[in-house]
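If you look up TrEMBL, you'll see 330-364 marked as coiled coil. As annotated by TrEMBL, domain 'Ciliary BBSome complex subunit 2 N-terminal' applies to 19-125. As annotated by TrEMBL, domain 'Ciliary BBSome complex subunit 2 middle region' applies to 164-271. TrEMBL lists 390-475 with the feature domain 'BBS2 GAE'. The feature domain 'BBS2 platform' is assigned by TrEMBL to 481-564. Annotation source TrEMBL lists domain 'BBS2 hairpin' at 576-673. According to TrEMBL, the feature domain 'BBS2 C-terminal helix bundle' maps to 678-704.
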Amino acid sequence: MVPIFTLKLNHKINPRMVAVGKFDGVHPCLTAATQAGKVFIHNPHNRGQRPVTHRLSQSTQDSDISLLNINQAVTCLTAGTLGPNTTGDTLLVGSQTNLLAYDVHDNTDVFYRDVTDGANAIVLGKLGDISSPLAIIGGNCALQGFDYEGNDHFWTVTGDNVRSLVLFDFTGDGKNELLVGSEDFDIRVFKEDQLISELNENETVTSLCHMHGSRFGYALANGTVGVYDRTARYWRIKSKNHAMSIHAFDLNADGVVELITGWSNGKIDARSDRTGEVIFKDNFSSSVAGVVEGDYRLDGQVQLICTSIEGEVRGYLPASKDLKGNLMDSNAEQDRIRELSQRRQNLLLELRNYEENAKGVSQTNSGIGVIPANTQLQTMLSVRAATEAQKAHVELSISTPNETIIRAVLIFAEGIFEGESHVVHPSVQNLSGCVRVPIIPPKDMPVDLHIKAFVGGRTSTQFHVFEITRQLPRFSMYEITEDSPAAPAGTVSFSINERPQRVVMWLNQNFLLPEVVESPNVTFNSLRGGGLMSFHMASNGQITLRTDDIDLAGDLVQSLASFLAMEDLSVEADFPSYFEELRTTLTEVDEFHSVHQKLTADMADHSNYIRNMLVQAEDARLMADMKTMKKRYRELFDLNRDLINEYTIRSNNHNALLTRLKSVNQAIQRAGRLRVGKAKNQVIAACRDAIKSNNVNALFRIMRAGTASS
């Protein structure tokens, strides 16, 4: 299949910053961010009809392109219907400090808002029961939604910096939920400001797109792309290249969209939403910047539009029904032939091994692959504290019950090993019936270990492959220990209406214990160096958690609440050392804000001085007063140098301020994770109100008790 149109635009395109908008309500325009703080709008339909304003100007290289001056590095953009009073779509452009909503048709700002948390990703649409469409931006751990007047209608916090957003009906209730992909490897689902689901991945979630129904595609920073249906993963593949953009488009006219992926090596491929099988591919000469769709030829057919970072644009049409299933080009067909040929070779080799094995049995030659009938693969997980030679780890022991030996072991586990797989291949001198593998989970998440082992006799040349799956519990890096007099200062307490046996069941399922515990009163030592963590349950159902790690406390509360199917849970919490750090951070935020305002005012004054001096220097030049002109230009040079130094100081101050604001947003998220359901949403909303009103004491009361009242 070949593109139906190709364009060469003389502008480089920033990755993941491409959109199509009907700004006059009729004609689709390709819009993309370029370097140097500009956005280009390609409109070949109304040539020569675009007036020039302070923001919008004509490109000198291409008459079909208008340039929108943002004067800041663009971090995200989109286009769509935002308000009732605009002729067509609104263009939304985000930077690290501002969000601009621009009416391209009327060449006017719809609104311009400061966004202290930055704008890393943006999506436009309706969310939940909120009546008007929102421009929702994700920044440093925060989500904000603005209506067409720039009013802030939605705000909440999430676990880490946001990298991708998508709106669609995830739950099937007829209302859109917001899916958020972030740098802490999680995909979170928000029903307005309520977190209803979390999906754990093993890398930063860089792209999300809605497929159909409750199905959506995703891409990770390590080259993984795949498809989920609600919380169940359908399929995924991993490439050595990076997925720059993903989009849902029906390319084979079967009524079901495929997942279109643009890669960093310039490849475009379309994969079946059911299996991940490639049904079409093409190549650009440079990295793909974005994949969008629109009726760009105005012939009533929507095209898939792919762009490269060098400004190349191609449009593809869906296949006609008679071409259905025949989209693969000749190169792809050759790949398929090679794949089938390789599979044939593998099957022939396997058949030959079976024949030799059968011949060996008939000749009673025990040296060829024959193993006892009772051979099976046994696994055991145990916690191992740190020694001088090795870090603390979970030890996976793989063994057989008889004289057979394990020749090699392959373990596949997401997020544990580099490349997600680990091979153990003992030397011939060290062959035995037991292999021990150290595992160090980077965070507290349950992980499935898919194990394959080659088992045979000591003189075997052929081996039997045994496969087994073992789950690593969520809190596997904690070793049970005796109570210590130096108890952690951080506490979380709450009441539940459950029998202690249910809590004991949760403990046994989620921790690696040397033997089954029968009491809910236990103390653990963190093998990651996080100190002690104790768990105590009184006879009246009062549970007290003690740990100085607020993240661990949140994970424990969420895990227990999920196990006990609790929809709402209020807690009282106190983390003295963490709260003291937060108090210091809040003080620094105020100081950085003050410095930022002073520096901004100084820069504005210097800009006025420069303007006046430039006028004076030019007047002196026109009057042939060379002495005064040189003096003014020397002063201008010195002032410009001071201005550059001030900008550097202001930039450093801004970066430091963003770091502190991220810490504050994460603190609100952590306080929320200590609660469940309505209590969680109330804490996040109340914390935000306390910060807006600069009421630090109320903020800490809310984080401790869940309410602002004393």
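Each Cβ is built from the backbone N, Cα and C atoms, and glycine gets one as well.
Unlike curated records, TrEMBL annotations are generated automatically.
Taking every recorded stretch in 19-125, 164-271, 390-475, 481-564 and counting its Cβ pairs under 8 Å to the domain 'BBS2 C-terminal helix bundle' (678-704), the highest total belongs to 164-271. Highlighted: of the candidate stretches 19-125, 164-271, 481-564, 481-564 has the greatest count of Cβ pairs under 8 Å to the domain 'BBS2 hairpin' (576-673). Taken as a whole, the domain 'BBS2 GAE' (390-475) shows an average pLDDT of 89 in this prediction. As a summary of secondary structure, the domain 'BBS2 platform' (481-564) carries 25 helix, 23 strand, 36 coil according to DSSP.
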